[in-house]
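Taken verbatim from TrEMBL:
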DOMAIN    12-439  domain 'Major facilitator superfamily (MFS) profile'
TRANSMEM  6-25  transmembrane segment
TRANSMEM  78-95  transmembrane segment
TRANSMEM  101-125  transmembrane segment
TRANSMEM  137-156  transmembrane segment
TRANSMEM  168-187  transmembrane segment
TRANSMEM  241-262  transmembrane segment
TRANSMEM  282-304  transmembrane segment
TRANSMEM  316-334  transmembrane segment
TRANSMEM  340-359  transmembrane segment
TRANSMEM  371-392  transmembrane segment
TRANSMEM  412-434  transmembrane segment
Amino acid sequence: MTWMNLPNRYLIVILTFVSTCVCYIERVGFSIAYTVAADAAGINQSSKGTILSTFYYGYACSQVPGGWAAQKIGGRKVLLLSFVLWSLTCFLVPLDPNRVTILVVARLLVGVAQGFIFPSIHTVLAQWVPPHERSRSVSLTTSGMYLGAAMGMLFLPSLVKLKGPESVFLAEAALGVLWSVLWFKYATDPPRSEHPKAAAAGFGESLLPTDASPRTKMENGGSTVKATKIPWKKILISRPVWAIVVNNFTFHYALYVLMNWLPTYFEQGLQLSLQEMGSSKMMPYLNMFLFSNVGGIVADHLITKRVMSVTKTRKFLNTVGFIVASIALLALPIFRTSVGAILCSSVALGFLALGRAGFAVNHMDIAPRYAGIVMGVSNTAGTLAGIIGVDMTGRLLEAAKIEYSGLFSPESWRAVFFIPGWLCIFSSFIFLVFSTGERIFD
């Protein structure tokens with residue numbers, strides 16, 4: 001018991017929530033700071049898209065290795081190492097759009113380091129959190145991403161204006177170091193649960209198998225070491241896993257495109273200043289924070305009160321979230337005022353976050369022992385979405401700039417928002433058909 005007598009698992013969830021919050025402050029912060037610096041240096045939209053997408057190349061490379069490392073040596077240690085690495089990179093590397101090679105290497109390093117974070121978090125949560133608390137625990141943890149993005153959009157443009165783009169890097173590094181100290185001091189590995197009822201419930205599943213030493217109980221009450229290999233083939237050919245993968249790709253395609261290009265859309269598409277928009281520019285991400293937690297609470301209520309089965313709950317929330325988000329994305333370029341753009345982007349991102357109570361928690365439903373591995377596989381797809389979506393958006397906008405003599409025309413942005421809108425419809429259908437809430441990996 002620590003921190004005002006909180007149970008250890010609650011403390012772990014709070015710290016993982018803060019970790020995702022800090023990570024997304026960093027990501028939004030880079031897009032804001034780099035956009036200002038790149039525009040001042042006369043960098044074109046296509047080149048901006050390439051630099052902004054560099055992070056995701058490194059992020060993609062470390063997803064599956066991150067799940068394996070968390071499985072092998074423990075999510076707690078891997079999470080700490082990843083934070084230390086990306087924080088040091090932000091602290092040591094200057095923001096200079098003209099020094100492309102240094103900037104690319106730095107973003108690759110930050111991407112690799114942050115790629116270990118979510119597989120590690122899912123491994124930690126699968127160990128600490130019992131099944132009846134998983135929806136709201138995962139939703140709270142992941143909602144930190146959106147609160148971090150909202151805080152970044154609210155405060156960092158003013159910091160850039162007062163202290164310059166480089167100050168954002170230093171602030172992000174300080175936050176990363178502070179969190180690392182808290183995690184090192186307060187986070188612990190879960191105790192092994194030998195109680196039959198606790199084990200049957202999945203609580204304290206620190207018995208996550210590794211290639212080295214998973215334990216199985218013997219009839220006389222002792223334990224022995226039994227070599228258990230990660231079922232890679234079964235994971236990779238599983239239709240429920242691919243349902244998660246497809247939805248993870250679509251979710252992150254929409255999220256990363258909006259996260260990296262909304263500042264440009266506001267400034268060049270709508271001719272609005274981020275500094276003058278005040279707190280309204282944080283509303284899309286604040287909405288994600290709220291809807292993510294609502295989704296988790298609703299999911300746990302539906303499951304624990306037996307209103308719906310786990311499978312029906314996941315499918316229901318995923319479908320509602322993605323379909324409403326698709327409508328908002330398709331409508332976004334129609335609105336030409338700040339109120340309309342904020343409303344549509346808020347609805348789109350909010351309901352996408354609601355959908356996470358469907359596909360995102362599903363890792364732990366189907367494979368609680370391999371949650372980090374499955375998360376690594378699906379998050380690799382999500383990262384590829386960042387690479388494809390962010391870079392392609394830059395190329396689409398550069399072509400639109402030539403065709404429409406600028407980016408003010410709504411036609412310049414139609415393809416940017418239509419692509420994730422239609423992907424949401426397709427992905428919701430895939431999840432509806434192929435997903436399950438039943439445990440399929442032992």
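Note that Cβ sites are derived from N, Cα and C of the backbone, with glycine treated the same way.
Because TrEMBL annotations are produced automatically, they should be read as predictions rather than curated entries.
Sequence-distant contacts of the transmembrane segment (371-392), counting only residues of its own chain at least 6 positions beyond either end whose CB sits under 8 Å from a CB of the stretch, comprise 49-50, 52-53, 55-57, 59-60, 63-68, 70-71, 75, 115, 118-120, 122-123, 125-126, 208, 230, 235-236, 241, 244-246, 248-254, 256-257, 260-261, 363-364, 419-420, 441. Counting residues 6+ beyond its ends, the transmembrane segment (137-156) has Cβ neighbours under 8 Å at 9, 13, 16-25, 27-29, 32-33, 121-122, 125, 129, 168, 171, 259, 274, 279, 281-289, 292-293, 295-297, 299, 349, 353, 356-357, 360-361, 364 in the same chain. Here the listed stretches are 78-95, 168-187, 282-304, 316-334, 412-434, and the one with the most C-beta pairs under 8 angstroms to the transmembrane segment (6-25) is 168-187. Tertiary neighbourhood of the transmembrane segment (168-187): same-chain residues 2-3, 11-12, 15, 18-19, 22, 25-26, 29-30, 32-33, 76, 79-80, 83-84, 86-88, 90-91, 93-95, 156, 159-160, selected by CB-CB distance under 8 Å and a gap of 6+ residues from either end.
Highest Cβ contact count with the transmembrane segment (282-304) among the listed stretches 78-95, 241-262, 340-359, 412-434 falls to 340-359 (criterion: pairs under 8 Å). As a whole-number mean, the pLDDT of the domain 'Major facilitator superfamily (MFS) profile' (12-439) in this prediction is 82.
When Cβ distances are compared across the two stretches, the transmembrane segment (316-334) makes contact with the transmembrane segment (412-434), since 3 or more pairs at least 6 residues apart fall below 8 angstroms. Beyond the ends of the transmembrane segment (241-262), by six or more residues, the same chain brings 27-28, 31, 52, 56, 149, 235, 281, 284, 318, 322, 325, 329, 345, 348-349, 352, 355-356, 358-360, 362-363, 366-367, 374, 377-379, 381-386, 388-390, 393, 397, 416, 419-420, 423-424, 426-428, 430-431, 433-435 to within a C-beta distance below 8 angstroms of the stretch.
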